[in-house]
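For reference, TrEMBL has these:
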- 45-67: transmembrane segment (TRANSMEM)
- 73-96: transmembrane segment (TRANSMEM)
- 108-129: transmembrane segment (TRANSMEM)
- 207-231: transmembrane segment (TRANSMEM)
- 273-291: transmembrane segment (TRANSMEM)
- 311-335: transmembrane segment (TRANSMEM)
- 355-375: transmembrane segment (TRANSMEM)
- 387-407: transmembrane segment (TRANSMEM)
């Protein structure tokens, strides 16, 4: 990403720091918070490093076992899904920290050994433990709006050099966590689950690798959701509660588990068709941002890197789009790309696309599970196939339910929504009920009593006189127009 985007995201990250007691109200109504003594530990950096090392080591152990048993196919794919994300992570960390133009041979050597995240984590811990031991001048000021009980309070934070360096490490490891999750862990989990079903037994090393990859994917999806909230509400101080994190973990965990299981089951029954399904998903989400970019007749952003040519910028955007496509193959990315924007992310929340994604993905999972049920192999004779299919559909439905609960009750900026989930569902139900009522009235049987009632008591709108021009007011039509206007406004917001 660009240097400017990195700086802005650093300020977004630092804005989550709790204000200290040493706060003063400025004359212009902005609360000035001076916070140098309390810095949050880099837990996200440590967690991302632990997941990277654990997955790399467990994959290496499993590769040695495949080599001993001469399983060349499993060995080749496991090595590919182990090294591909590792190489991209080293390049991403080197690019973000701009180490190529600095004299740091040891750091570059460790990156060649695939140990870049380890040395970066060590640097972040050193910065954290040294922070606060001596007075340091602030290097920038972060301005955010704090939401408390629906009231917005403008606030300012003085950011020191240590806090800024830690923010740089946090933002870099957020990117590496997403890369590791969807370029390495997701295909690795799919491969190992497929190998387990094909070989009809579970290796302890393979089981350990599958558990680690599932945790890594869930964490990567969680990072995507949090980053989407921080980007869309850049002017506000985003603070997620523990209940919100738990809701997102359940939502993402069920979504990813159901999706990967459906893909693996389908691949065991129709292996060659699975290649078509996977490639069609990947190519669709890869070309979707480019088609929208060409439809808008936009120009490529020049803020990716000032020293890049148009070819270099295009290559970086293609890699970014590939990551976006890989995320959407397995779960909702929570963001939409805008290749003409300097941040490459569309800030507007598009509820219509969210509904289309989950609706289409549910139908696709249902079709994949149905085809597996009719073409399944003899391996599933001792498994209740209908029950397994229903459980997968229920798991995905529960994921959608927890997603709705998050946006309705746990979203940190839900008070800023023009319409929430309850309003949308209520309006849709009311509109559907009104249409059904009209249909029932139009299809009543022509009995004697109803015919007499229809003749004697006609359905006419209630009329009142307008006090200004003495013209009759049609309240029924006005209420209908108002409700229609609300529905159209909600569709425009979506």
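The backbone N, Cα and C atoms fix where each Cβ goes, and this holds for glycine too.
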When each of 73-96, 273-291, 387-407 is checked against the transmembrane segment (45-67) for Cβ pairs under 8 Å, which one has the most?
73-96
Apart from its near flanks, which chain residues at least 6 from the ends of the transmembrane segment (108-129) lie with a Cβ under 8 angstroms of it?
39, 41-42, 45-46, 48-49, 52-53, 56, 83, 86-87, 89-90, 93-94, 97, 99-100, 162, 165-166, 169-170, 172-173, 176
Relative to the transmembrane segment (387-407), which of 73-96, 207-231, 273-291, 355-375 accounts for the most Cβ pairs at distances under 8 Å?
355-375
What same-chain residues lie close to the transmembrane segment (273-291): Cβ under 8 Å, and 6 or more beyond its ends?
263, 266-267, 321-322, 324-326, 328-329, 336-339, 368
